[in-house]
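Feature list (source: Swiss-Prot):
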- C6-C36: disulfide bond (DISULFID)
- C14-C33: disulfide bond (DISULFID)
- C22-C54: disulfide bond (DISULFID)
- 4-54: domain 'Kazal-like' (DOMAIN)
- N43: N-linked glycosylation site (CARBOHYD)
Amino acid sequence: VATVDCSDYPKPACTVEYMPLCGSDNKTYGNKCNFCNAVVDSNGTLTLSHFGKC
């Protein structure tokens, strides 16, 4: 199972680095920072489906 450590998030701004992750909402996030901020916003209901685009 793919996991991402989001313990040091949320962050006020994310870089534009492109390393896509696919969330459990079937949405592609541009990088870990964008994904982890979304995880925090979802109160932990969003999880990582897999690395790469959905």
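Cβ coordinates come from backbone N, Cα and C, glycine included.
Keep in mind that what you see is a predicted model, and the values were worked out from it rather than measured.
Of C14, C22, C36, C54, all annotated as disulfide-bonded residues, the residue with the shortest Cα distance to N43 (N-linked glycosylation site) is C36. Here the disulfide-bonded residues are C33, C36, and the one ringed by the most other CB atoms within 10 angstroms is C36. Geometry remark: C54 (disulfide bond) versus C36 (disulfide bond), CA distance 16 Å. With C14 (disulfide bond) as the anchor, the candidate disulfide-bonded residues are C6, C22, C36, and the one with the nearest CA is C36. Between C22 (disulfide bond) and C36 (disulfide bond), the C-alpha separation comes to 12 Å. A distance of 8 Å separates the Cα atom of C6 (disulfide bond) from that of C33 (disulfide bond). Across the domain 'Kazal-like' (4-54), DSSP assigns 10 helix, 9 strand, 32 coil.
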